[in-house]
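If you check Swiss-Prot, you get these features:
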- T63, N64, E313, K316, S320, G388, R391: ADP binding site (BINDING)
- 63-431: region 'Nucleotide-binding domain (NBD)' (REGION)
- K76: N6-acetyllysine (MOD_RES)
- T87: phosphothreonine (MOD_RES)
- K135: N6-acetyllysine (MOD_RES)
- K138: N6-acetyllysine (MOD_RES)
- K143: N6-acetyllysine (MOD_RES)
- K206: N6-acetyllysine (MOD_RES)
- K234: N6-acetyllysine (MOD_RES)
- K288: N6-acetyllysine (MOD_RES)
- K300: N6-acetyllysine (MOD_RES)
- K567: N6-acetyllysine (MOD_RES)
- K600: N6-acetyllysine (MOD_RES)
- K612: N6-acetyllysine (MOD_RES)
- K646: N6-acetyllysine (MOD_RES)
Amino acid sequence: MISASRAVAARLVGAAASRGPTAARHQDGWNGLSHEAFRIVSRRDYASEAIKGAVVGIDLGTTNSCVAVMEGKQAKVLENAEGARTTPSVVAFTADGERLVGMPAKRQAVTNPNNTFYATKRLIGRRYDDPEVQKDIKNVPFKIVRASNGDAWVEAHGKLYSPSQIGAFVLMKMKETAENYLGHTAKNAVITVPAYFNDSQRQATKDAGQISGLNVLRVINEPTAAALAYGLDKSEDKVIAVYDLGGGTFDISILEIQKGVFEVKSTNGDTFLGGEDFDQALLRHIVKEFKRETGVDLTKDNMALQRVREAAEKAKCELSSSVQTDINLPYLTMDSSGPKHLNMKLSRAQFEGIVTDLIRRTIAPCQKAMQDAEVSKSDIGEVILVGGMTRMPKVQQTVQDLFGRAPSKAVNPDEAVAIGAAIQGGVLAGDVTDVLLLDVTPLSLGIETLGGVFTKLINRNTTIPTKKSQVFSTAADGQTQVEIKVCQGEREMAGDNKLLGQFTLIGIPPAPRGVPQIEVTFDIDANGIVHVSAKDKGTGREQQIVIQSSGGLSKDDIENMVKNAEKYAEEDRRKKERVEAVNMAEGIIHDTETKMEEFKDQLPADECNKLKEEISKMRELLARKDSETGENIRQAASSLQQASLKLFEMAYKKMASEREGSGSSGTGEQKEDQKEEKQ
């Protein structure tokens, strides 16, 4: 157990009395920089970073993801291989072990619900025992399991995957989208996270980037990124609120924009509130109504539930622009009396009634954020809406009532976050020079002290990066080591907050309690990730302490997952190569058979039979295409093409000679006719 040194505390008080408040702040480990000085240091730091190549901005969303890059001074959102500007954050594993990402995964979810993962961002950095995870287990068709480290992982076909891995598969798709556009490898990235993510969730997101093969230069908050997208070309100084209600999380941030400086004043939110909850609420309503009308309970039928889930999401989206929608699902299920169909009309008012409590849950964080930023709603010059759920009229009305002004539609709610991430990438690369971002830590950071009390060292909404040191001592005579538990949260007792990890400082010289002086430094970097170091002031010996959390991914875990991801990438490349070769082969077969039929009178029968044998061999090869390489199929197809070209060349020559013969014969007859006329 540790305690604050009484002697040191007394000296600190004395120093404060004799030297004034500034000295006291230096004495207790405060860095002593004024706000303006901090800004100058930040600018110098940005300018000194040398980043080679393009930096992509990625919004790794709960429901959809988006990628953007800077083109000159403008950010450009990129289209994926399917031609869409956003990609569903869905990953599926088929029975034969194939991995699908994005829309192909979403399309097959109805027939493969148990092995199709969606909204796994809600699990990232979370323990299996978290109440939110336990709630999620009841709502999703796939298996959420306890990993060996106690984290929540998912299972498909007997294989376990961490949420960071699933996120990495989505990031690989975004990376591929960027590379297809850029024409070269995309290595560096800025990835966004919900502002209210804790240290474990931020670290797990960085891990996802590493697994996908990306160098994550910075993790930035989603509302802050959206503010960058909004304010990049604005010259007016103002305070703005960013209301971000996405697929899985809710954030509210209050920012001040002043001469290119984007300073976050406060942030708040709920990491388990979003569009998925709206879908789930509507799904429960539909299932309840269906049971009332037919007596059939759909909760035991995963395939039927997946169809209802997709219909609920579609209805939710339609009701943003229509006052009523129809939900029609024929042959949804069956009982002894025959097939059962779902036919239901749903009005906007009904839907709003179903989700009213969810919308209300966004109000308290907004009020708290304004209170922390010390602003009233009259001080806020603009309210920016981010996230797909903000298209819902009831949400927009709630925001208007809350802030006393109609929200701005200046940014695309689906793309603003990725655009902001790309802008921050431009800042880090030195391409954007007139922007400075000052973000904050969303949660207080501290340690557990005697009696299980949570002692805060860095308060929430402190501008990051930041550092704070404090002197601790032993709680017992002769104590040679101290255990320090690092927590994050706002509750009074340490046990009620998120335990980030704990470490033990050993090798303290035996002494009476309260005598050893151990200076512990807590450091939050620009990604919002926590680092801790300690120094024994008595011996002058300094030690770097690595927080050993009982959860999270180890270095070996990440290395294995990187190899796994590379294996999948190689498999994807081979599959693509094989598909392209098969398409080429089938095209050659079709063209060859068409030409053989067209020129059958000019082709020698024995040569035709040989070519037909070649085609049969090619078809046999295509029948076992899954076990063949793309190169083998391509070579066989090229061989068939060469053989067919030789044969058709023979046919062409024969036709040409026949035409020549018939032409000369016709000329002779014409001359005979002319002779007869003269006679």
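Cβ coordinates come from backbone N, Cα and C, glycine included.
Positions of the features from Swiss-Prot, shown on the structure.
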| residue | record | Cβ contacts under 8 Å, 6 or more apart |
| --- | --- | --- |
| N64 | ADP binding site | T86, T87, P88, S89, G247, G388, D414 |
| K234 | N6-acetyllysine | I257 |
| K300 | N6-acetyllysine | none |
| E313 | ADP binding site | G275, D279 |
| S320 | ADP binding site | R391, M392, P393 |
| K567 | N6-acetyllysine | none |
| K600 | N6-acetyllysine | C608 |
| K612 | N6-acetyllysine | M596 |
> What three-state class does DSSP give T87 (phosphothreonine)?
Replying inline: strand
>> Using DSSP and collapsing to three states, where does K612 (N6-acetyllysine) fall: helix, strand or coil?
In response: helix
> Neighbourhood of the ADP site (T63, N64, E313, K316, S320, G388, R391): other residues with Cβ within 8 Å of the Cβ centroid, in order?
Replying inline: G247, G275, C317, M389
>> Rounded to a whole angstrom, what is the C-alpha distance between K143 (N6-acetyllysine) and K76 (N6-acetyllysine)?
In response: 37
> Hey, what's the Cβ neighbour count for K138 (N6-acetyllysine) at 10 Å?
Replying inline: 9
>> With Cβ-Cβ distance below 8 Å and at least 6 positions apart along the chain, what are the contacts of T63 (ADP binding site)? List them in sequence order.
In response: P88, S89, Y118, A119, G246, G247, G248, G274, G275, E276, G388
>> For the recorded positions listed here (K135, K143, K206, K288, K316), tell me which residue's CB has the most neighbouring CB atoms inside 10 Å.
In response: K316
> Considering only the modified residues K76, K135, K206, K646, which residue has the minimal Cα-Cα separation from K316 (ADP binding site)?
Replying inline: K135
> Which whole-number mean pLDDT does the model give the region 'Nucleotide-binding domain (NBD)' (63-431)?
Replying inline: 95
> Which of the listed recorded positions (K76, R391, K646) has the least company, meaning the fewest other Cβ atoms within 10 Å of its Cβ?
Replying inline: K646
> Where does K600 (N6-acetyllysine) sit in the DSSP three-state scheme?
Replying inline: coil
> For K206 (N6-acetyllysine), which of the modified residues K76, K135, K138, K288, K646 has the nearest Cα in space?
Replying inline: K76
> What's the longest C-alpha separation between any two of T63, N64, E313, K316, S320, G388, R391, the listed ADP-binding residues, in angstrom?
Replying inline: 18
> Distance between K135 (N6-acetyllysine) and K288 (N6-acetyllysine) at the Cα atoms, whole Å?
Replying inline: 19
> Roughly how many angstrom lie between the C-alpha atoms of K76 (N6-acetyllysine) and K646 (N6-acetyllysine)?
Replying inline: 50
> Can you tell me how far the Cα of K138 (N6-acetyllysine) sits from the Cα of K646 (N6-acetyllysine), in Å?
Replying inline: 65
> Given K646 (N6-acetyllysine) and K288 (N6-acetyllysine), what distance in Å do their CA atoms have, once rounded to a whole number?
Replying inline: 69
